[in-house]
Structure formats: C-alpha cells, structure tokens
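Q: First, the structure itself, so that you have it in front of you.
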Amino acid sequence: MNFHRLISSSPHHSNPPRIPWERLRLHQQPRIRSKPLPSRIALFGCSPQLRFSNAKRGKYVMVKLKDECSVARKKGSVAGAVALIVGTSIGSGILALPYTTAPAGLLPSSISLTMCWAFLLIEALLLVEINVGRLRKMKTKAEDDDDDEFEVISIRTMAQETLGEWGGALATATYVFLGYTSMIAYSSKSGEILHRLTDFPESTSGVVFTALFAVLISVGGTRATDQVNRWLTVSMIGLLAAIEVLAVVFGGWSGFEGNGGDWGKIPATLPVMIFALVYHDLAPVLCAYLEGDLTRIRASILLGSVVPLVALLVWEAIALGLSNQADQVSDPIELLLRWGGVPFMVEAFSLLAVGTSIIGTLLSFSNFFKEQLNNLSWDSPLGQLPEESNSFYYISSWWEKNKASVTATVMVVAPTVVVSTTVPDAFSAATDIAGGYCMTMLYGVLPPAMAWAMNKKQGQETEETAVSRAGPAALVGVGLFACGIVVEQILQDFSFLHP
C-alpha cells in the first residue's frame with residue numbers, strides 16, 4: 001500500500017484517514033501449515049526462511065517468508081541441494097552393481113559407469129531447463145504482498161504441457177510402473193539381507209521390513225519420516241566411507257589386476273548402472289528450492305552427481321578387486337562379507353541403503369495415489385455423531401484424518417510384497433526392468449522429446465521462458481542413446497526366443 005498517496009489524498013493532512021492495519025502483514029507472518037516434501041527436501045540444507053504448504057490441492061508450493069527485521073530474501077543453498085542429490089543417489093542400486101558388472105571387469109565397467117553418469121547429467125540439465133521454463137511461465141505474484149510462489153512442477157505436468165495429453169499419459173504410466181518395480185526390488189533385497197542377519201525366512205523378513213516403513217509413513221506422517229530418514233542417510237554415508245577407507249588402507253582390493261575385461265558384457269550392465277545413478281526425480285524440487293536460478297541449479301547437479309560417481313567407482317574397485325582374487329565367479333558383495341573386519345558394516349550399510357530407498361520411493365509413490373484419492377468423495381457420518389455417543393470416536397476421528405494416507409500406502413505395499421515373495425530373484429529382475437525400461441523412458445527418452453517440443457515453441461515465447469539452449473544434434477544424440485538402452489534391454493529379455 002502507498003502510504004504517501006493515501007495520506008496526501010486526504011483534505012486534512014493533520015487528520016489522516018484511518019489506515020486499515022489489519023490488512024497489513026509487516027510484522028506478522030501468515031499462518032502456514034508446514035508440510036515437508038515427500039522428496040526429502042527437508043533433510044539437508046533447508047533454510048529456516050523456507051516453508052512448504054499444500055495450499056493448492058495436489059501441488060506442493062514453496063513460499064518465501066521474509067524476516068520482519070530484514071527485507072533480504074534468503075534462497076535455498078547450493079550445499080543443501082548437493083547434499084540432497086548425494087543422499088538420494090547413494091541407495092540400493094549400489095548393491096546390485098558389483099554382481100552385474102563383475103563379468104565385464106573393472107576397467108570396462110568404470111568407463112561405462114562414467115559414460116552413464118555423463119549421459120544422465122545431460123538429461124538432468126535438460127529436465128531443469130524445461131522445468132525452469134515452465135516455472136517462469138507459471139510463476140505468479142500475490143497482489144497483497146511481495147511473496148513469490150514457486151510451484152514444484154512434476155515431470156508428468158512437464159510432459160503434458162510440452163508433448164500434450166499423450167505425453168502426460170506416458171509419463172504417468174511409466175512412473176507407476178517404475179514405482180512398483182522399485183518397491184519390489186527394495187522389499188526383495190531387504191528380505192535377503194535380514195535373512196543373513198537373523199535367519200528368518202526371506203519372504204517374512206522382507207514383508208516385515210517393508211511394513212515397518214509403511215506404518216512409519218502412514219501413521220507417523222511426513223515429519224516423523226523425514227527425521228528417521230535423516231539419521232538413516234547420514235549413517236549410511238558414514239558406513240560407506242568407512243568401508244571404502246578400510247578396504248583401501250588394508251589392501252582389500254587389487255586394483256586393475258587381471259585381464260582387460262569383456263566389453264561384450266557391458267550392454268547388459270547399463271540398466272543397473274542407470275538404476276544406481278538416477279536422481280532425476282529431484283529435478284522439479286531442486287528448481288523450486290533454488291527458485292529457478294539456472295546457474296545455481298546446474299552447479300548443484302554437477303557437484304551433487306560427481307560425489308556418488310566417485311563413491312560408486314571406489315566401491316566397484318573394491319568389490320571387483322575381491323572378485324578377481326576369488327577362485328570362482330561369485331557375488332562381490334558376498335566376498336566382501338567374508339573379508340575380515342567388515343561383514344557387519346557391510347550388512348548394516350546394505351540394510352540402510354535399502355531402507356532409505358524404500359522411504360523415498362514409498363513416500364513419493366503413496367503421495368501420488370493419495371492425490372488421486374483426495375479427488376474422490378470420502379463422505380463419513382462421523383461429523384453427525386456427538387463425541388460421547390460414539391465409543392470409537394477417537395479411532396474413527398483418526399481414520400477420518402488419515403484414511404487417504406493409509407489407503408494409498410496399502411495400494412503401494414500390498415502388490416509389492418505379493419510379487420517380491422512369490423517371484424524368484426525379484427531384486428535383479430526388478431532392477432533390470434526399472435533401469436532398462438522405466439527410468440530410461442522417463443528420464444532418458446522423454447526429456448529430449450520435451451526439449452525438442454519446447455524449442456519449437458520458443459519462436460512465440462518471450463525471453464522469460466526461452467531457457468533451453470540444447471541444439472537438435474545434442475537432443476537427437478541423447479535420445480538415440482536412451483532408445484538404444486531400451487532396445488538392448490528388450491533384446492536381452494527376449495533372447496530366449498532365438499538361442
């Protein structure tokens with residue numbers, strides 16, 4: 001409000017009109033019900049000036065709250081974004097990598113892993129450029145205050161707005177399939193690890209482990225889940241660093257000793273490499289967190305993706321070095337478990353890696369179903385009954401508040417545990433499907449297609465939204481590489497038809 005104009009418009013400056021102070025919010029923060037993002041945005045580096053609310057149904061909104069003593073706006077930090085990428089990238093995919101890449105050898109695997117990292121880096125940069133373009137176009141400013149709202153634009157929305165309805169449908173179907181295959185892989189692997197630790201049956205252990213996190217998310221809520229996940233992630237990274245340091249210092253690996261490897265085995269390893277390196281579901285969150293600042297977003301992605309790459313290369317060197325020393329082909333993780341001094345550390349790290357992966361996937365996937373359920377009518381007679389007339393009032397009240405969350409979690413967990421307990425070697429099969437088909441389609445094929453469609457429209461767009469600078473050759477190149485991975489996976493899966 002312009003105070004000078006308001007006062008000068010009065011016929012008597014000595015008796016100015018009453019200013020409606022109740023409409024001003026200079027010294028009173030708006031009441032916002034904070035709700036952390038399911039993508040673990042609250043885990044690392046979040047500024048106290050940032051809160052999250054779901055003021056719009058189905059969309060999480062980041063709102064900047066100005067400090068009453070300062071008009072300087074504090075944005076999300078690059079360090080926080082880097083930590084978020086690192087914590088998301090290092091997960092259960094690291095457990096499947098050594099066994100898959102052992103037949104190919106260390107040198108071919110290391111080079112291929114680096115190439116996959118570069119490919120995924122280009123795809124991530126494409127995603128953030130598209131997202132920032134949509135963000136700048138959709139950004140709105142409130143009329144009553146100076147707060148900016150930055151929507152977390154999902155990949156489904158990006159695909160629908162750039163490619164049309166078919167793009168949104170393809171992104172949705174791929175995401176649902178990716179969510180289920182990832183959960184099946186995590187549940188199966190957790191049962192295998194707990195079986196080694198406790199001698200309980202694998203199927204029972206996997207179901208119990210998955211159910212514990214389901215209860216945590218549906219009953220404890222996002223805030224409690226974030227707190228648990230924070231400690232699990234920090235512990236996991238600490239254990240991984242300790243294992244790698246011990247192995248290097250005490251000679252638990254033999255480097256590049258042995259033959260030059262078998263490059264012919266590399267194509268079969270690409271889906272697992274992608275599964276181990278993917279962090280692209282964070283792209284929309286990072287764009288909103290860093291408020292569309294492309295320079296800082298790009299720096300965060302580059303730095304944040306390098307750390308997991310280095311960790312995976314060292315992990316590969318340790319595990320495959322042990323495999324070279326073995327008399328027969330075996331899972332390098334099994335060999336690492338036999339190495340003196342670290343079996344418990346390796347098992348603990350493996351379980352933490354699976355646990356953090358389950359939390360991230362289950363939280364985001366269940367919220368996807370929760371959004372769909374919230375669009376339905378969930379009528380209940382609870383509000384028509386007085387509290388004293390209903391002996392189950394408190395239970396009914398809790399159910400009324402949490403029924404969408406519980407139902408969505410059950411929709412994710414029930415099919416997961418059924419498949420993981422009935423399909424043999426579900427972990428390997430699920431990681432191949434998730435990395436070879438779902439992730440490659442969602443984060444490999446779609447981004448170049450979206451960027452291509454966006455570039456075609458830039459002739460009509462203003463400079464505000466024209467952010468994608470990728471040339472046609474680059475888009476075609478990464479798109480063909482992604483399609484090649486999908487085709488190779490199809491040939492691998494149907495190789496039994498032509499022995």
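Glycine is no exception: its Cβ is also placed from the backbone N, Cα and C atoms.
Look at TrEMBL and you will find 78-99, 111-132, 166-186, 206-224, 231-256, 268-289, 301-322, 342-365, 404-422, 434-454, 466-487 tagged as transmembrane segment.
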Q: Between the transmembrane segment (434-454) and the stretches 78-99, 206-224, 268-289, 301-322, 342-365, work out which stretch tops the count of Cβ pairs under 8 Å.
A: 268-289
Q: Would you kindly check 166-186, 206-224, 301-322, 342-365 and say which stretch has the most C-beta pairs under 8 angstroms to the transmembrane segment (268-289)?
A: 301-322
Q: Do any residues, 6 or more residues outside the transmembrane segment (342-365), come within under 8 Å Cβ-to-Cβ of it, and if so which ones?
A: 38-40, 87-88, 90-95, 179, 182-183, 186-187, 189-190, 193-194, 196-197, 209-210, 213-214, 216-217, 222, 225, 228-229, 232-233, 235-236, 239-240, 242-243, 246-247, 252, 281, 333, 336, 409, 412-413
Q: Ranking 111-132, 166-186, 206-224, 404-422 by Cβ pairs under 8 Å to the transmembrane segment (78-99), which is first?
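A: Most contacts with the transmembrane segment (78-99): 166-186.
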